[in-house]
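Structure first, then comments.
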Amino acid sequence: MAQTTASVREGTDDGNAQESISTAVCESAGPPAPEACDHDRADHFDPATTNLPEHSDDLHSADSDLGQLASASADGTVKIWDPATNQCRATLEGHNGSVFSVVWSPDGAQLASGSADGTIKIWNPATGQCTATLESHAGSVLSVAWSPDGTQLASGSRDGPIEIWSLATTQCVATLKGHDSSVLSVSWSPNGWELLSGSEDQTIRTWDLTTTWCRMILEAFRESVLSIAWSPDGYQFASGPDDTIIKIWGSACTSSLTLEGHTASVGSVAWSPDGARLASGSDDRTVKVWDLDNAQCTATLSGHDKFIQSVTWSPNGARLASGSDDETVKIWNPVTSECIATLRGHKDTVYSVAWSPEPAR
């Protein structure tokens, strides 16, 4: 079990890594003025077919419970799957570019998707209708995250700023500025007060959402931070940088665990619902399952032919799903390492997968 220290600095520093830790509050002029965003209706809804071959581009994202699994793809669509039957239930169309991220609302009643067209769309998965389109970003929306109470969304994009959105008004209510490059991942804390963001600028930022100020900047990376995720209890978070090492960080921004085993970039990390395990997807074409009590890899899941972009746990922790550049979604038993199903149909990278928080009713 390795322990690592990292530089935690104010937002105006030059970004050079240091070996000591200090806590700091980033300079900020206070909350930015709210920005208005337009909304409209979905363009198209395709009912489910009995075949899984549906997406024609990169699957960027997916989110589901054993009730439903969602996937987002470079073909511009979001698909909803039934993991019990391996059937595609619906295809949601409306974006004008690759869809990089898809997430379920905490109650499982809505989906949000972020796209290369610079928009976020809110969907009713029961009807397949787009209920709102959120527009403000100047670049591709690479990551979206719901607040725990389901009233707000956070979005990270290629243009750098992070937007906070009110779902009640579909308005952008705050803009978080500080990253020098694309924001690749955002994660809302379980208590709803903080947001983590990982960037191409090789830093992780912690934001205080009560003030919209950046609280800390964590510099411990030589590559882009591709994935970050809070633990279910909110006391730790995991980072998957564009290299082979995964780190688990404590509240003091010290790395209490270092997980080594992948042989290529780690594109995605996800906590099990009970917080005891972590799953990671890599460019080495494997998904690894880690026991966090002893920092050991307990399973290596092999079967994808290309980079694994996204991993997600079922709500009961009994299954894992992964999306890959090989255009497939795979469902796994994380204990036996068995691939239970391969969902085919995408014709490009699967960038994101997500399990719904509750079984479909």
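Every residue gets a Cβ built from N, Cα and C, even glycine.
TrEMBL entries are annotated by machine, without manual review.
Because the structure is a prediction, the values reported are computed rather than measured.
Residues or ranges marked as compositional bias 'Polar residues' in TrEMBL: 15-25.
Marked as compositional bias 'Basic and acidic residues' by TrEMBL: 36-46 (among others).
The feature compositional bias 'Basic and acidic residues' is assigned by TrEMBL to 54-63 (among others).
Taken from TrEMBL, the feature region 'Disordered' covers 1-63.
Look at TrEMBL and you will find 69-91 (among others) tagged as repeat 'WD'.
Feature annotation from TrEMBL assigns repeat 'WD' to 92-133 (among others). In the predicted model, residues of the repeat 'WD' (92-133) average a pLDDT of 97.
Within the same chain, residues 31-32, 34-39, 97-98, 100-107, 110, 112-122, 181-192, 195, 197, 199, 207, 209, 212 sit at least 6 positions outside the repeat 'WD' (134-175) and bring their C-beta atoms closer than 8 Å to a C-beta of that stretch. Sequence annotations record features per position, and here TrEMBL assigns repeat 'WD' to 134-175 (among others).
Here TrEMBL flags 176-211 (among others) as repeat 'WD'.
Beyond its flanks by at least six residues, the repeat 'WD' (218-249) meets 4-9, 15-18, 181, 184-191, 196-206, 255-271, 273-275, 278, 280, 282, 290, 292 of its own chain at Cβ-Cβ distances under 8 Å. The annotation repeat 'WD' is assigned in TrEMBL to 218-249 (among others).
TrEMBL lists 259-300 (among others) with the feature repeat 'WD'. DSSP states for the repeat 'WD' (259-300), grouped as helix (H, G, I), strand (E, B) and coil, give 0 helix, 25 strand, 17 coil.
Residue counts for the repeat 'WD' (301-342) under DSSP, helix first, then strand, then coil, are 0 helix, 21 strand, 21 coil. Annotation comment: TrEMBL describes 301-342 (among others) as repeat 'WD'.
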- Who are the long-range neighbours of the repeat 'WD' (259-300) in its own chain, taking Cβ under 8 Å and residues 6 or more past its ends? 1, 223, 226-233, 238-248, 306-313, 315-317, 320, 322, 324, 332, 334-337
- For the repeat 'WD' (92-133), jot down how many residues DSSP puts in helix, in strand and in coil. 0 helix, 24 strand, 18 coil
- In the repeat 'WD' (134-175), how many residues does DSSP put in helix, strand and coil? 0 helix, 24 strand, 18 coil
